[in-house]
Amino acid sequence: MNNRVGTIGNASPLTADAHPMIDPFGRAVTYLRVSVTDRCDFRCTYCMAENMTFLPKKDLLTLEELDRLCSAFIAKGVSKIRLTGGEPLVRKNIMYLVRKLGAKIGSGLDELTLTTNGSQLSRHAAELHDCGVRRINVSLDTLDPDKFRKITRWGDFDKVMEGIDAAQKAGIKIKLNAVALKNFNDAEIPDLLRFAHGRGMDLTVIETMPMGEIEEDRTDQYLPLSELRADLERQFTLTDIDYQTGGPARYVRVSETGGRLGFITPMTHNFCESCNRVRLTCTGTLYMCLGQNDAADLRAALRATEDDALLHAAIDEAITRKPKGHDFIIDRTHNRPAVARHMSVTGG
């Protein structure tokens, strides 16, 4: 990678020596997750209602504005950007933003990646790789096509498999993400593990999070991953390893397959003490914590002037409000989410 300094449009100068932002608890903020759209071509039962009301398209930042915002964060020490949604690849002309951000790799940005449901991968995989994307996360909760249809409501299992094939053929490494749902897919996790490891992919299992109103009762879906790990250890030898990808997963090595298995446990063993990330929505709202409602409006600063001084000041002020941890709780006595906004707005 080169270490040149450059400026793109009115965006902030990009430099590899930018010092990371430090929050009130001494954590360096080096990771930006950008939800480029709240729209999705699936309606996963744990994520959103089937008849979702999405943001008016006129409220979304333009791709050029998202590029400028990302550039400001890179100038302030962010070295990893993940594009999320909704489903990021359904955003019109999204590859424009991917190309612009990919051009910043080596100029302050170390890695550009994305989380996807895989539905659009078959047509975008080669170009994603050409733009510098080397790793992606694909959400896949089951290998049973009928159950896949049930949980996604609108999803096409074969299309996702084609997308995984295309991404691997293009040279992109894949990590599968599976949300563990009690009495739905918990018995399938061993098969998902064998499938992933058999194809050279990591697997991460995730506890369901209480975000947004859905038709399902999350207390019925919730499965502590400590229970899942105990079940897996009846079949596999799991050894804790010191492996980090910049995210919250804690990894083990599976002796029988040789592959890695990650656990993301926001409910039973939160990852707040090492949190290095903030989340930007497609409307320019910055959430300093996934599980808190406090937010900063960066759109106003972005549009106030072509100079980035005001934007940088707004980002700095927001980081001073990054909390120590989230407020997630699964509580059957209060049948409401801990955070009202849906994951598709915040970016999962």
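Backbone N, Cα and C define each Cβ position, glycine as well.
Among Thr115, Thr152, Thr305, only Thr115 appears in Swiss-Prot as part of the GTP site alongside Arg33, Arg82, Lys175, Arg277, Val278, Arg279. Matching Cys282, Cys289 to the [4Fe-4S] cluster 2 binding residues that Swiss-Prot gives (Cys272, Cys275) identifies Cys289.
Site annotation (Swiss-Prot): S-adenosyl-L-methionine is bound by Gly86, Ser139, Met209, and the candidate from Tyr46, Tyr96, Tyr243 recorded at this site is Tyr46. Within 10 Å of the C-beta atom of Tyr46 (S-adenosyl-L-methionine binding site) sit 20 other C-beta atoms, taking all shown protein chains into account. Note: the CA-CA distance between Arg279 (GTP binding site) and Cys289 ([4Fe-4S] cluster 2 binding site) rounds to 7 Å. Restricting the average to the domain 'Radical SAM core' (24-248) gives a pLDDT of 94. Comparing CA positions across the binding-site residues Cys47, Cys272, Cys289, the one lying closest to Arg82 (GTP binding site) turns out to be Cys289.
Separating the Cα atoms of Cys289 ([4Fe-4S] cluster 2 binding site) and Arg33 (GTP binding site) is a whole-number distance of 11 Å.
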